[in-house]
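K.L.:
Right, I'll just put the structure down here and ask away after.
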């Protein structure tokens, strides 16, 4: 991971003075943090916990959960909120990365693993085969470990929309055939803010991906996540939750966006803990089977807990 100091369109915006008092991450034990971080270095792996500076990584490590970042550490997309390095990655994915991830899972005795990836628009399959390969590698050495996937939209490679949709579904099928316990794809924000926040992705394309997952394998629950604090309104948040339910999305996470650096899109609002409780009740009322909502909630937070 690299932290850039170069000026961006956001650099001139004055940062917030201080995080609100309710933004207090659980650090976990220093020994547990060090153990995971050392193993990640030893096996030359990337984790979104570290790359994305997740505020919950100490708590997750302590509970036997970790999120591995596949396909390298450079993303072909340039989302305005994300800490992961942007650019054009090396053409080939490291074929031994799957084995190294499996070794790390075994050594750490992880109970629940989330596999995510940088966007790899440069590859024909957008990294779908690598997801499948890694799931199978983990199952060989840690058969009782549950594996969730958090994927990009697998979109691209064809101008014709009908053909592009067919290709996207074929990539999705590769991942779902490996039978993850949950398929996660994040909307991130409300429809109005998509273009600014998620460059290269679209709101309805993501909804269609979640819908397609349920159509391909309805035994695998689907999940999506939202960040608050980017300028969205309450009614837009509720509409987004309704849109997710309209494609039979069963799980949702709702958390506060925290600006990684001055190079990233600024926080417009820090929502109160009671607001997150409010949206949780609404989501549950809409029929979501599992809702995690709170200022520090992220996509993988308490992912190991079963849905109701």
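Each Cβ is built from the backbone N, Cα and C atoms, and glycine gets one as well.
Below are the features I grabbed from Swiss-Prot:
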BINDING   49, 54, 60, 300  [4Fe-4S] cluster 1 binding site
BINDING   75, 79, 82  [4Fe-4S] cluster 2 binding site
DOMAIN    61-289  domain 'Radical SAM core'
K.L.:
Restricting to the domain 'Radical SAM core' (61-289), report the mean pLDDT as a whole number.
P.N.:
89
K.L.:
CB neighbours of residue 300 ([4Fe-4S] cluster 1 binding site) within 10 A?
P.N.:
27
